[in-house]
Every structure is written in structure tokens, then in C-alpha cells.
């Protein structure tokens, strides 16, 4: 299943946040979206997944979701969005309960996703007992459980410290290597973008327009910390964004 | 730098953080009682002002021995139970509807705001006409009294449920009913329970008011009789029973909270 955005424009009140965005999200690739703060990255992601309606333009899905897919467009949120009253296992079960699955199927899915995210030992723990990194792993496990056609990740690592971020990036690369998935990954962290993105879309500051689309032609599992080629890509991205970010920083927020 | 200039950095943190101190409440309580006992015995407090705590205790013991305690307590408890269950459950129901549906909210919040400040005791004569002099009017009074604070607490609790959790539920395609049952209700539970503390305390106040009008038995009737005879020991014995009832209900809700809200820190 492929997603296409056609001339998507969105406003909050009179203020345009996104302007004429054309984007194609091909299957099996991770598309990173970067941009200065307030450029509408997260809004764009909400539009892609149908949590908001664009004022103009369309978000189209081409082709049927793969068989066994329970929720084609699935989010991973920055603040994890775990139910604090449910255990790790319970949080994953939540998204399966509305689907007709027999007990064995459900148990198999839960076992599988918990194993893939190294959470099997924490099945009965409550969210408050987990570190931020573990919470985000639970959220990723929950997203994997519905076997999404496209994963929509909204700054998934931004609430975590640098070391945990590094570990989770490796986890995500490992997950993709074992079973490639389609993802849109929104972040303001350029290092994340060059590590995880097959392509990187750069948005300008508000109103967000697509400034550049970069292709990083290097397998995910070969990208490491301090790789010279990645560093130069990151430098390039920073040059693209620096002035915009400075201007965005000095804007008066009048919302 | 000379030796005399070396000193530890003064500690400036600390305080402003409530710490559980066991037994302090009991000490305050016992000291106060001992002071009154001593005052009334020495005549420093006249026995027209306050009864002797030991006499009140004896009155309570007598009341329990004669079996009259239960005769008064049983109807009071059943009135409180029936009235509060009716009021609180209706209140939770309406509060949830207000929290979920904008039309219900627009229609009912002004009505609840209008009902809330009415002293329900003032409506008692009206309730007697509507529901008769016996139990029904007492149930109605307690139910109405517990209803309004429960509604306000419940819709506030529903409003405070983390919107990102609801958005998450929608993004996973959960049905409306699932979102309400599995996300909104558990999320609102802490607020609903703390609202119940207030509601039930109001229920106890109204119970006594209702029993002061046309009840043969009941703690309120007992207090009214004692007051009419200026029998301070019995009056205070009644008041002690009410306090105990308040402490008991608050403890029960506390237990409920620890059981149902174990997921909180």
C-alpha cells in the first residue's frame, strides 16, 4: 500500500501551517520529515493518518493493505500514550480487543511483538514501573501488533535521553532489517533522520513547504555513529535548515 | 584561604513537603479530650457549655447495651445507603453524559449549576408533599444532595482524561464504546472517587436534617430529642456516632482508591 499527498494545505484559523505539500510514501521505506520547530511536521503526520482533515488537497491511499493488517495507518506517539492502568501486555491487547481474533491468535501476536521488542519479561509490569525507553518499546510493540501498512512515528525518541535514543534507534533498525516496514518518521533531530531515513523530506518554517527531498543511498544497518558520509549529509541538512531555524526561533508566537 | 573560612554550605532545602506522621492526629484528639475532661471536672468549663467526655462515653456504652444504638443506627444507615446509591449512581451517569456529549453539556450544566447551591434542607417540606412523610422523602433528599456534587466531580474528571490517550484509541480504530469503557472511564475514576468523598459527607449532613423532621428512629431523631431536652451527653453521643460514620465512609473510599487505583504512583 502506498500513500500519496496531493497539494495538501492546512490552516489553523487564519494561519497557514502547511502549504502545497506533495509527497509520495513508497512501500518498504522509511521517510523522515525534518523541519524547524513549528513548521507543521506533526500536523502533517496527523493529516497523513486521518486524525485531522486537510483544508485543501488530498491524502490518497493506493492499493489494499496487506493481508493480516488490522490497522493500516498506525501511530507511535512522542509521549508514548500508554494506558497507565494496564500492564505492558494489557496495553498491547487493547488494540486487538476490537478485532475478531480467537484467543490463540491474539496470544500468538502478543508473544511475537513482545519478543521482537525484548519485552517478554515485562509483560505484567505497569507503565509507571518502566523507564522512558521501555515505555516507547511498549508503544512500538503495540503498533507492530496490528501489523500496520504504514507506521507513523511522531518524534518517537524526543522524550528520551541521548543514550536511550541511541539504543532505540538500533532497535528500530533491527526491526526494519528483519521485516521491512513502511514508515513516516517525523523528527527535529537530524542525526535520527540520517540514521533511519531512506529519504529525508525537509520542510521550511511556517507555513511548511517541501524544500528538499534527500535520498540517502546506504543500507540502514551499515549506518553507524560517526560515519563520515552520514555526517556530511547531516551537515547539508543543517545548512538547509539553519537560517530557517534561526528565523523560527525569533518569531513571536501569536497563536 | 585560612582555616576559619572553611565551613559547610548551609542547608536551605527541606520543608514544603507533607510527610506522613503516624499517631499525631490521635495525640491531638486525645489531648483535646483530656483537656475538656479536666476542665469539666474542675469546673473550669461549666457543664452547661460542654458535657464531660467520660459521661458521653458512658452514654454511648449504655446506648449500645440497651440495644437502642442499633435501633437508631439501622434506619439511618439504610437511608444513607439507599439515598447515596441513588444520588451517586445517577450523578455519575449524568456526569459522564455531560462529559461525552456537547448537547447534554450545553443543556445540563446550567441546570446543575442552578441546583447545586440550593440548600436541599430548604426543600424538605416540598419533598414531604411529593414523596410522603416516610422513607421516600428522606431518600429523595439524600439522593438530590449527593447527586449535584457527584455530577460536577464526574464531568470534571471526564474532561481531565488525557486527550492523547483518546487520540491514541482513535488512531488504532477502537470503537466509540471501547474508548469510553477502556480509556475514558478508568481515566476518570480517580476524580469520581474523590468527588464521592464530598458527596457522601453531604449525604450524612442531609441524613440528619431529614431525620429531624418526622422520624421516630435514626441518629438525627436521637440528636433532636436530646437537644429538645437539653441532654448534652446524649446530644454529643449522637454527634460522635455521626463523626464515626464520616470517618468510616472516608476510610471505605480510601480502601476503594488503593484497590482500584493501584496503577497510580
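We count from 1, first residue shown onward.
Every residue gets a Cβ built from N, Cα and C, even glycine.
Note on the transmembrane segment (B:20-40): residues 47, 50-54 of its chain, located 6 or more positions outside it, place their CB under 8 angstroms from a CB of the stretch. Taken from TrEMBL, the feature transmembrane segment covers B:20-40 (among others).
Residues annotated as domain 'ABC transmembrane type-1' in TrEMBL: B:73-253.
According to TrEMBL, the transmembrane segment annotation covers B:80-101 (among others).
Summarising the annotation, TrEMBL assigns transmembrane segment to B:108-133 (among others).
Residues or ranges marked as transmembrane segment by TrEMBL: B:139-158 (among others).
Residues 71-76, 79-80, 83-84, 87-88, 120-121, 124, 128, 133-134, 137-138, 141-142, 145-146, 149, 234-235, 238-239, 241-242, 245-246, 249-250, 253 of the same chain lie 6 or more positions beyond the ends of the transmembrane segment (B:200-223) yet place their CB under 8 Å from a CB of it. Feature annotation from TrEMBL assigns transmembrane segment to B:200-223 (among others).
The feature transmembrane segment is assigned by TrEMBL to B:235-254 (among others). Residues 51, 56, 59-60, 63, 69, 73, 76, 80, 193, 196-197, 200-201, 204, 208, 219, 222-223, 226-227 of the same chain, all 6+ positions outside the transmembrane segment (B:235-254), place their C-beta atoms under 8 angstroms from a C-beta of that stretch.
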